[in-house]
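Pulled from TrEMBL:
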TRANSMEM  12-30  transmembrane segment
TRANSMEM  57-79  transmembrane segment
TRANSMEM  85-104  transmembrane segment
TRANSMEM  111-130  transmembrane segment
TRANSMEM  150-171  transmembrane segment
TRANSMEM  178-203  transmembrane segment
TRANSMEM  215-235  transmembrane segment
TRANSMEM  247-267  transmembrane segment
TRANSMEM  279-299  transmembrane segment
Amino acid sequence: MSQTRGKYDFCIGLVLAMSSSIFIGGSFILKKKGLLRLARKGSMRAGQGGHAYLKEWLWWAGLLSMGAGEVANFAAYAFAPATLVTPLGALSVLVSAILSSFFLNEKLNLHGKIGCLLSILGSTVMVIHAPQEEEVETLNEMSHKLGDPGFVVFATLVVIVSLILIFVVGPRHGQTNILVYITICSVIGALSVSCVKGLGIAIKELFAGKPVLKHPLSWILLLSLIVCVSTQINYLNRALDIFNTSIVTPIYYVIFTTSVLTCSAILFKEWQHMAADDIIGTFSGFLTIIVGIFLLHAFKDVNFTLANLPVSLRKDDRAANGTLLSTYECFNHDEESSACLGEMQSTESLSARRNGSLSAF
């Protein structure tokens, strides 16, 4: 009976996590549309510290969509371990990338599509090999884990790093470095997930008729969650306003997932009883995601799609096998020499660019 109940909870957590990714992926698009409308009106941008987006209904629609996604995510953490729910956030990368290409005219080239696919595959591998967390069923058990010295040190470091990024690094480099605001959202997100997990346990106890509201940890977790989520929303808005959505989303996912998995491993001791193949599988899946994110980010300005792939292959083949023949033909046909020489120069220029030669420029 317990095994059947565990599978039932697993399925519920899986469906909720996937629904959360769809809502959250769509929320990025709605928020970005609202911020772009404000920019066209001449309002102070969120990236400059403005809060005019609070009067934009599209931004509020995005916030509600994100709220629905976070509620589904909240419920998913109550039914399934964080190591299952968090990697499935990669689906929001795919949803956001596809929707942004349709509604924001943010082109997604072939490298970006392959990157999204690799992110999904990597997440699947991580889910298959994910470690199992220790069962925590009461607030007293959760309180004991939160007081563990390892977690206290981790939480202290997160707070210190966040404060440094907010008050020292952010004002200087936040407008130009995409990692500043996203890192703030991500590392604080690790603490918010811990709060969500604790509140999920509290809600289960509340439905069981236990005096949860009298337990001080319930209110501490609730207040901490409000502070963390408010900070995340603020700095995520700044990142979305300044940088491309299809870049913000995957980078946020990678750093956020790393932070959550680290926090979860410290808090719930998930890695102590893992087999070697599961450890290798988990790291392989995560590295696959990172490779996918790199493809999506590093080649975002390259105009390369599946449609022009055959043309590129033909050019490469001609550059490799036809250079000598073209030279011979040029010197034996005077009336066509100008056209041939021009084609040769174009081919050589293309080859030089691909080989990194500065003389091509």
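Glycine too: its Cβ is placed from the backbone N, Cα and C atoms.
For the transmembrane segment (111-130), the most Cβ-contacting stretch among 12-30, 57-79, 85-104, 178-203, 279-299 is 279-299 (pairs under 8 Å). Contact between the transmembrane segment (57-79) and the transmembrane segment (178-203) is supported by 3 or more Cβ pairs under 8 Å, counting only residues 6 or more apart in sequence. Within the chain, the transmembrane segment (215-235) has long-range Cβ neighbours (under 8 A, six or more residues past its boundaries) at 63, 70, 139, 142-143, 146, 162, 166, 181-182, 184-185, 188-189, 191-192, 195-196, 198-199, 202.
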